[in-house]
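**Student:** Before I ask anything, here is the structure I am working with.
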Amino acid sequence: MDFFNYTDQALFAENVSLESVAEQFGTPTYVYSRATFERHYNAYANAFSSHPTLVCYAVKACSNIAILNVLAKLGSGFDIVSIGELERVIRAGGDTSKVMFSGLGKQEHEMRRALEVGIHCFNVESESELYRLNKVAGEMGLKAPVSLRVNPDVDAKTHPYISTGLKENKFGIDIKDAPRIYQLANAMEHLNVMGVDCHIGSQLTELQPFLDTFDRLITLIDELAESGIKIKHMDLGGGLGVRYRDEVPPEPADYAQLILDKIKGRDISLAFEPGRSIAANAGILLTKVEFLKCTEHKNFAIIDGAMNDLIRPSLYSAWMNIVPVNLAATSEGKRIYDLVGPVCETGDFLGKDRELDIEAGALLAVRSAGAYGFTMASNYNSRNRAAEVMVDGEIAYLIRKREDIDHQLAGEQLLPE
Ligand code: LLP
C-alpha cells in the first residue's frame, strides 16, 4: 500500500498533485511519500514486535539523508556497505549502535571509522577480512563485533543479477566452511563473535527460500553452540519483493509469522536488512514527454528521464509501471509507445510497448522507483542528476536539488598550460 493515488483523474503523492510538483521543481524528479516510507518501516517493526528484532533499512536502496532521518526517527537501524553510507546515517541523525556493516571489500579506513563510531556489527565475508578487522581493532585497542555472512546455497529464484545466496556467487562464506572460520574468529583477540548473517537475494516473491535459509542457519548456530560459540543474533538480510506489475509478494507480517514460529523459545535476537520492500513503492520518477515520434514501425515517446536516472529497465530488463499523471483524454488518442530517453544508447528506455493516451508535454510517473532509482543514477551523457522531493501531507519539500553543471563538474580540472 502506498500514498500515490488519483483524485479527479490527477495523480497525487499524499495530498500534493504531481503536476504541482513538476511546476515547482521541474522534471525529471524523484518524488517520495513520507507516509509510505513510515508505513512500510512500521509493517516490519510491528510484525516482529513480540521478539527482540533490529530492522536495519538497507541504505543502498534509497539513501537521501531526509529519508534516513525519517526512518531514524522511527527507531530504524541501518544496513550499510560503505563508509559513504555510514556518513549519511550519521548526518541523518541515525543511531550508529544500530548499524550493520555489510559488503565484501571493506577497507581499513572504513573499518576504523565504523569502530570509532561504535556500530552494532560487521558482517564479515571472508577469512582475509577477519584478519584485517582483527588488526585494525587491535591498533585501536578495541574488540570488533562480528557476524560471518554465510552463503547457505539456497536458490532465491530471482533475477540472476540480484541472486546472492548460491555457492557460485561472490558473496559470503560457504556454510560448510563456516564452523572452521567461526573458530578462527573466536580465537582472534580483537574480535567479538556476535551473530550469523546472510542475504540470499533481492525481489523474492516466495517465503520458502527464507525458511530454508533459516533452517540452515539454525543448524549452524546449534553446531557452534556445541563447540562453545554462543550466537546472539541471526541476521536474515533483506530481499522481500514488491509488486511492480502483477507479483504477489508476501507481506512482512506473513514473513514474521513463519520466522517467529521457528525461533520461539530460543535466546537469539533477529535482524533484517530490508531495502526494496520499504523504499520501492514509496517513490516515483516524475518525467515529461518531450516529443512524440510516430513512425511506420514504432511509436516513441521521448521523455526527459533516461537510463542515467533510472537504470533498472536497461540493466535488468525490469518492468516498471508507467502511468500518466493526468488521465484526461488527449487529441492524440491511445497508441502503443516505447518510452525512451535522450541518451545515445539503444538500451535507453524506461518502458516498451505501453498503451498510453499522451501528448507532448504530458507528465508521466514511473511507479515503484523509490528503490534502486536515484541511488543508481549516473551522469552518463553529462546529464545532471534529477532532483529529489519528499511529500509530507500537504507539502512537497526539496530534499536534493537538481544538479547543475558546476555541481557536476566540481572536482574536474584542466592540465596545466
Ligand atoms: N543486505 C544486503 C547485504 C544486500 O546486498 C542488499 C541488497 C540488501 C540487504 C537489501 O535487499 P532488498 O531488501 O532491497 O532486496 N539494484 C538491484 C537490487 C540489488 C540488491 C543488492 N543488495 C535492483 O534494482 O533490483
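Think of each number as a place in line: the chain as shown, counted from 1.
Placed from the backbone N, Cα and C atoms, the Cβ positions cover glycine too.
Features from TrEMBL:
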type	residues	note
DOMAIN	30-370	domain 'Orn/DAP/Arg decarboxylase 2 C-terminal'
DOMAIN	35-280	domain 'Orn/DAP/Arg decarboxylase 2 N-terminal'
MOD_RES	K60	N6-(pyridoxal phosphate)lysine
BINDING	G239, E273, P274, G275, R276, Y372	pyridoxal 5'-phosphate binding site
BINDING	R276, R312, Y316, E345, Y372	substrate binding site
ACT_SITE	C344	active site, proton donor
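Relative to the rest of the structure, where do these features sit?
**Tutor:** Long-range Cβ neighbours of K60 (N6-(pyridoxal phosphate)lysine) (same chain, at least 6 residues apart, Cβ-Cβ under 8 Å): V81, E85, G275, Y372, T375.
The Cβ neighbour count for G275 (pyridoxal 5'-phosphate binding site), using a 10 Å radius over every protein chain in view, is 26. When secondary structure is read from DSSP and collapsed to three states, G275 (pyridoxal 5'-phosphate binding site) falls in the coil class.
The Cβ of C344 (active site, proton donor) has 9 other Cβ atoms within 10 Å, all protein chains considered.
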**Student:** Going by Cα-Cα distance, pick out whichever of the binding-site residues G239, P274, R312 is nearest to C344 (active site, proton donor).
**Tutor:** R312
**Student:** Using C-alpha atoms only, work out the spacing between R276 (pyridoxal 5'-phosphate binding site) and R312 (substrate binding site) and round it to an integer in Å.
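**Tutor:** Between the alpha carbons of R276 (pyridoxal 5'-phosphate binding site) and R312 (substrate binding site) there are 13 Å.
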**Student:** What whole-number Å value do you get for the CA-CA distance of E273 (pyridoxal 5'-phosphate binding site) and Y316 (substrate binding site)?
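**Tutor:** Checking the Cα atoms of E273 (pyridoxal 5'-phosphate binding site) and Y316 (substrate binding site) gives a distance of 22 Å.
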**Student:** Around the C-beta of P274 (pyridoxal 5'-phosphate binding site), how many further C-beta atoms are within 10 angstroms, looking at every protein chain?
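**Tutor:** The answer is 26.
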**Student:** Which residue among the binding-site residues E273, E345 has the fewest other Cβ atoms within 10 Å of its Cβ, if you could check?
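**Tutor:** Candidates: the binding-site residues E273, E345. Fewest Cβ atoms within 10 Å: E345.
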**Student:** Which residue, out of the binding-site residues Y316, Y372, shows the minimum number of other Cβ atoms inside 10 Å of its Cβ in this structure?
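**Tutor:** Each of the binding-site residues Y316, Y372 was scored; lowest Cβ tally within 10 Å is Y316.
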**Student:** Among the binding-site residues listed here (G239, R276, R312), identify the one with the smallest other-Cβ count within 10 Å.
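**Tutor:** Each of the binding-site residues G239, R276, R312 was scored by Cβ atoms within 10 Å; lowest is R312.
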